[in-house]
Amino acid sequence: MLRVIVRRLLQLVVTLIALSALIFIWLRNLPGGPVEALLGERATPERRALLIKALGYDQPILVQYGKFMQRVLTGDLGNSIRSGDPVTDVIARAFPATIELAAAAMIIAVGLGVPLGYLAARYRGRLLDNLTIAGTLLGISIPIFFLGYLLKDVLTQDIHWFPPSGRISTGMDNTTVTGFYVLDGLLTRELDASADALWHLILPAITLATIPLAVIVRITRASVLDVLNEDYVRTAEAKGLRHRTIRGRHILRNALLPVVTTIGLQTGALLSGAVLTEKVYNWGGLGTLITDSISGGRDYPVLQAIILLAALVFVLVNLLVDLSYAFIDPRVRVR
Amino acid sequence: MSLLDVRDLSVVFQRRGERPFTAVDQVSFTVEPGQTVGLVGESGCGKSVTSLAIMGLLPKRGNRVTGEVLFEGTDLLGLRPDDLRDRRGRDIGMIFQDPLSSLNPVIPIGVQVAEVLERHRGMARRKALREARELLDAVGIPDPDRRLTEFPHQISGGMRQRALIAIALACKPRLLIADEPTTALDVTIQAQILTLLKQLVDETGTALIMITHDLGVVAGLCDTVNVLYGGRVVERAARHELFARPRHPYTHGLLSSVPRLDSPRGERLHAIRGSVADNIPWVEGCAFAPRCDNVVDACLDGPPPLEPTASGGDLRCNNPVSEEVAVP
Amino acid sequence: MTDPTTRPGVGKPRTGDSPAGTSAEDPAGQPGDGPAGHRERSIGRLGDRKRARLDELARATADPGGVSLYRDALRRLRRNPVAIVGAVIVGLFVLVAIFAPLIAPHDPVQRFDELTRDLTVDSIPGATAGHPFGSDPLGRDFFSRMIHGSRQTLFVGVLATLIGLTLGVLLGAVAGAFGGWVDVVLMRLTDVMLALPSLLLAITLVAMASRSSQWTVIFAVAIVSVPIFARLLRGSMLAQRESDHVLAARALGVKERNIVLRHMLPNSLTAVIVQATLTFAVAILDAAALSFLGLGDPDINRAEWGLMLGVDGQRYFEVRPELAYYPALAIIVVALGFTLLGEAMREAIDPKNRR
């Protein structure tokens, strides 16, 4: 078991280093790279040379990469070209917003997806099943930013159930502790702030949850259908066990194994979708940051950091999922 | 009163857009307390479906079950699902063909035995596990304490089947249904499992329905044998009678196709030609007619009736094998 | 009992088309010639009429048998309503795309005076005579742009899918065929690609290009699917490496190159085609997402649904939501069509569903 963990961790490190190297080298060699971004296109050659030297871009690329990694490992990701702030600060401000959004979406996707998938399988071929399948197909076929606009239009403009954008009402005086506004409100006992943040969170979270929800429903349904056909479920029935026991202990426990893997993979869909959702709801997270750092003149240090951070989160979550698998499924342990 | 009295049991599978398929066709047989009864036939003859219908384990949709399954006088088919659930595992136990897939892969063996005790005998988990240990010991699993916490993939095939037997017998049921219990096992293990079953049945007085395609299994175990073909009983006889004087050409064919040590060297095995797929529907005639060596015109005039024979059995054949003809 | 060896038909392989053949050739009388028969019947002998009836019955109930995997899958596909709906949508989409210039009443880039006249910041003309969907923000005929949009969307989707498929299949085939360190290196490469969530990878790729164009979008969307195709093909080839038919070919002395090309690749390709169908749907959705993020094709004349939805649809959602609704609906329906078709195909080739 330990050897598996170590091997997976090594693989992960190699993957991340390769990714960082690729991005680093590519970004450095682009026309219209950071120097132009800083100085504009009409800068004098002298000033350019000066800046290139100051940034260390005259050195061999490997040396540059080495220095870059050295700085990264000490937590120095450079400064944002646009704002001049340290990249770590810029990211630290945006990170909790995205995580809060993604976590809320995941809670919706899993909390709704697993029961729905189970019920669809249980009532296979009936109305509920057909409706569920139709819904999931629609869910994976709809551009989620369009769905976002649709929800926003109906639920915030036509009927004012939810606020149209932002993470918290203007004028709401909330204290930031962790950066997760809902949690912060609870921690500082500013319950009104917490409720207000939750109110802002719901629509974006629903929008973002669409694709993971659809995928989780489908995987759960397929998996439950497989398990329902398993001999051990028949054995459990032959034992005369109560329906409740069979469902919980024999069906769901086995059926959820593939779902766990899916949840890991869906964090990817969440990070992708967050970019779109954040733009729709003007949610100040990493997604907004990444769009801004591309369209408002390429802010390479920020861009680079976000990409690496996203990869790190995604890969780590999947590693954790794989490892947790070993604790849920006894068959994995022996290998 | 018989322990189990199956009367005119029929199971029709009906899938959307397909012709209905009669898997079990007016099957009747009885099991007396402590008796061992064989249900014999090739795969697809309806023997497994019969057992699942008795247990109420057929899928809820896509099939129609008719007839009566009287267990100690109560019709199991008429019971509410919850009442049937109370009896399954307590009054009737069942063991299945493939011990690996029949055990839940992610639950320890101990819990899988204990849960049936918790359910039907109201035991707490700790007490049930102690009892489970005794049961594993009784079915001959070595080192039962360790097995309690092990998972199915960690023990051998023979041990898995023993564990399933322990589960089925945990509540001392009056009837045990064994559906091809040895088919998935190695030959050496097969004999052990059969011996164990025989011993347990003798000790506890449990009646046993043995479902098998293997006449060797029947020979060592069963008191009476029902031979099924195409979903119907074609011959029923006491074990010795059946082996000494098989009357139905199908039974005869099955017996002739068993390799024997005492047959002359070089003699070919007798195979029944064709396969179960060559059935004709019973309404048209005898389902076995296309494969039968003894076929006569009457065989295509409708189904032959199941009629009592002189030796106390039943036979469904227009042109049976002569009583004088011995098995080659 | 007669000696079984003299009985014809025994042990003969059954042919698919005449399952009753054996009994027809059989002199059915033989076995009954022994001392059997205690009843007053024509013993063990079947009249001609009865024998014909028996054959007929046997034929009626026999299984068809001998149907190839491929034909079987096609047969199930044709019976599956999901597949039919998907195929009809895809077929209509492709037809509209091909005949777009004939269907569309106007040139998609021509600006009409009668439309531009009423154009203001917060009002875009709706349906008028000759312009059933009204105007787009630049005074062009929205209906014609929608029709022509099918063309551009098909172009983007097909090209992105083809590029992704070709690169992925190449990577996967090389990895699967060579194994060893080649496999390790290539699979680490796909790991790197998979380490980034799909849309983020596409965004990164677009960001790396100095200027966005239609090609950066196509390329970015294509690269996202490369590791998926690569892993799919490699997995399938590895599974086949040890399979019976490959072992048999190897035992017969077939050259390794031919084993890969003639035996392994064709078997893997069905799965690849299914994946390609599903990838198409993802490709047009991703292309729309890039447009929405402002990273799409900057050509204002190009009529492509993703572009229309992502740029104009977003910008003028409050003014004229139809500018978003129509392209969105078109994208949803087409993505749905490809997904349905792909899923149905996957189900059809899954051996689990064979009966």
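Glycine too: its Cβ is placed from the backbone N, Cα and C atoms.
Taking Cβ pairs closer than 8 Å, the transmembrane segment (A:9-27) reaches residues 33-34, 61, 64-65, 68-69, 72, 300, 303-304, 307-308, 311-312, 315-316, 319 in its own chain, all 6 or more past its ends. If you look up TrEMBL, you'll see A:9-27 (among others) marked as transmembrane segment.
Per TrEMBL, the feature domain 'ABC transmembrane type-1' maps to A:95-321.
TrEMBL lists A:101-119 (among others) with the feature transmembrane segment.
Taken from TrEMBL, the feature transmembrane segment covers A:131-151 (among others).
Sequence-distant contacts of the transmembrane segment (A:197-217), counting only residues of its own chain at least 6 positions beyond either end whose CB sits under 8 Å from a CB of the stretch, comprise 100-102, 104-110, 112-114, 116-117, 120, 132, 135-137, 139-140, 142, 144, 147-148, 151-152, 155-156, 162-163, 166-169, 174, 181-182, 184-185, 259, 262-263, 266, 269-270, 273-274, 277-278, 280-281, 283. Under the heading transmembrane segment, TrEMBL lists A:197-217 (among others).
The transmembrane segment annotation in TrEMBL covers A:251-276 (among others).
Annotation comment: TrEMBL describes A:302-328 (among others) as transmembrane segment.
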* Surrounding residues of the transmembrane segment (A:251-276) on its own chain - C-beta under 8 Å, 6+ positions past either end -> 98, 101-102, 105-106, 109-110, 114, 117-118, 144-145, 148, 207-208, 210-212, 215-216, 219-220, 223-224, 226-228, 230, 232-233, 285-287, 290-291, 310, 313-314, 317-318, 320-322, 324-325, 328-329
* Asked: By a Cβ-Cβ criterion of under 8 Å, what residues six or more beyond either terminus of the transmembrane segment (A:101-119) are in contact with it?
  -> 128, 132, 201-202, 204-206, 208-209, 212-221, 223-224, 252, 255-256, 259, 263, 266-267, 270-271, 273-274, 277-278, 283, 285
* Asked: What residues in the same chain, six or more past the boundaries of the transmembrane segment (A:131-151), come closer than 8 Å to it by Cβ-Cβ distance?
  -> 116-117, 119-120, 203-204, 206-208, 210-211, 213-215, 217-218, 221, 273, 276-277, 279-281
